[in-house]
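Enquirer: One structure is given below, represented as structure tokens, and several questions about it will come after.
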């Protein structure tokens, strides 16, 4: 029982490391200027290390000291977690364009007529060969960490489950495995909650004193302390790894049953490996159900990675709130669905045909719930020069309104004009005066803006984006997406039953192995990358770093939602 407790703890903390990355993905994109395609590849890269090794591990399962192997894997996972946070410590402080001179720079993004046009600003200044190299190093470290995370995770689940199944009594084994399974489903939810907590802190909380931070977490330039969660999760893994080095290679069997022979059919049937593989793949039920699971899992993998980012953009939420919703509403919803599906299955003792009917019904109802989500959202806010050209309204004057300001091209410090139009920076709105709150050095508003005209007078602007004006649709969206998730996940258990009951008993563990292999290669790896690429196609304004595309500043929200 102590082993089961330790294993539950270890699986939970391992999932914290891998799940936490998904919760902070939009923050890491912003901090290091990544496209969603790159961040999607990063998020699924741990599956690569995992897939390459999983076959060997399940094959050698019975010949090694399993607890020790699990411990070593856990130490690798913990190392990977610490590596993930390393970029924060090897790069300088986070720099952003601002209107008030600060410890970073004396440049300002206000309109200053008469200053020559070659005004440098932060995003340009940071383009030395050193900065470009630094960016490659960051990516390299993160990809290596993700690969290690995958490799370290390999022995944890299979060895833990087989060890428990070998030495637990037949009566208790399902209970223990059920406990572990429920921990695995809670894990991602906890990871998103951890993300929600950490992203409330400013990224450079360790490098900058409190009054040096002029951003609030509602600001589009805000970057939360993404690295903090990796330290927490990696430390937890390290602590949970310790007991494994003290468990025996074999335990006395719990009372109640003779030793069961051959954990995996794999060990006995090595010579028949290709034969068994063909026999399973040519089984139509097995093949179809696995393909259906692949389609569903690819969607789940993509959504898990980018759903928070979608909520942030579509409903103008902070990263912290978006993670909170996913961790507290969507993931528990899916868990409820899995449990309900299993309960219905048990209650009505379903035949295989009824199992497949239940899967189809669940999916169909899920589609019905999800269809309105295509329409629940708003277009991107009006951004001058990006989604909205003022020339139509004011004739020719509007285009010239900031010509004499010599604005730096790449400045990004969005402000919301009193005319409800967003400007990329105070300079592009022609604002010449900034009014500051003396107490905490934060910007109150900008005045004397030549591009924002009201009744012929120069208007004013508030810092931060105008937002999408979509907040009234947020609740219906969350409710419907949660319901769709519950309905889709009711098919989880019946689809597993279809696989387990449609194949020959001696192929069972092998077939499940193949199934997970196919899920990894066809769903969990490509899923986030495909989603990320689709999201990238909806970007309308890219941040430029050293003449390469970095992170996306503005998406076409309608396209983002539909695609």
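Using N, Cα and C of the backbone, Cβ positions are placed for all residues, glycine too.
TrEMBL annotations: computationally assigned, not manually curated.
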Enquirer: Quick check on the annotations: TrEMBL lists transmembrane segment for one of 285-308, 381-404, 405-428. Which range is it?
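Expert: Of 285-308, 381-404, 405-428, TrEMBL gives transmembrane segment for 285-308.
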Enquirer: What range among 112-137, 320-345, 450-475 does TrEMBL describe as transmembrane segment?
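Expert: Spelled out, TrEMBL records transmembrane segment over residues 320-345, not the other listed ranges.
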Enquirer: Give the range, chosen from 67-86, 87-106, that TrEMBL lists as transmembrane segment.
Expert: 67-86
Enquirer: In TrEMBL, which of 224-246, 247-269 is labelled transmembrane segment?
Expert: 224-246
Enquirer: How many helix, strand and coil residues does the domain 'Kazal-like' (395-450) contain under DSSP?
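Expert: Residue counts for the domain 'Kazal-like' (395-450) by secondary structure: 7 helix, 21 strand, 28 coil.
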Enquirer: If I take every residue in the domain 'Major facilitator superfamily (MFS) profile' (1-563) and average their pLDDT values, what number comes out?
Expert: 83
Enquirer: Near the transmembrane segment (67-86), which residues from the same chain, at least 6 beyond its ends, have a CB less than 8 A from one of its CBs?
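Expert: For the transmembrane segment (67-86), the list is 3, 7, 10, 14, 17, 21, 141-142, 144-146, 148-149, 151-156, 159-160, 163, 227-228, 230-231, 233-235, 237-238, 240-242, 244-245, 247-249.
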Enquirer: Below 8 angstroms Cβ to Cβ, which residues of this chain, lying six or more residues outside the transmembrane segment (176-203), approach it?
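Expert: Beyond its ends, the transmembrane segment (176-203) has Cβ neighbours at 4, 7-8, 11-12, 14-16, 18-20, 22-24, 27, 31, 88, 94, 160-161, 164-165, 168, 213, 215, 217, 222-229, 232-233, 304, 308, 318-321, 323-324, 326-328, 331-332, 334-335, 338.
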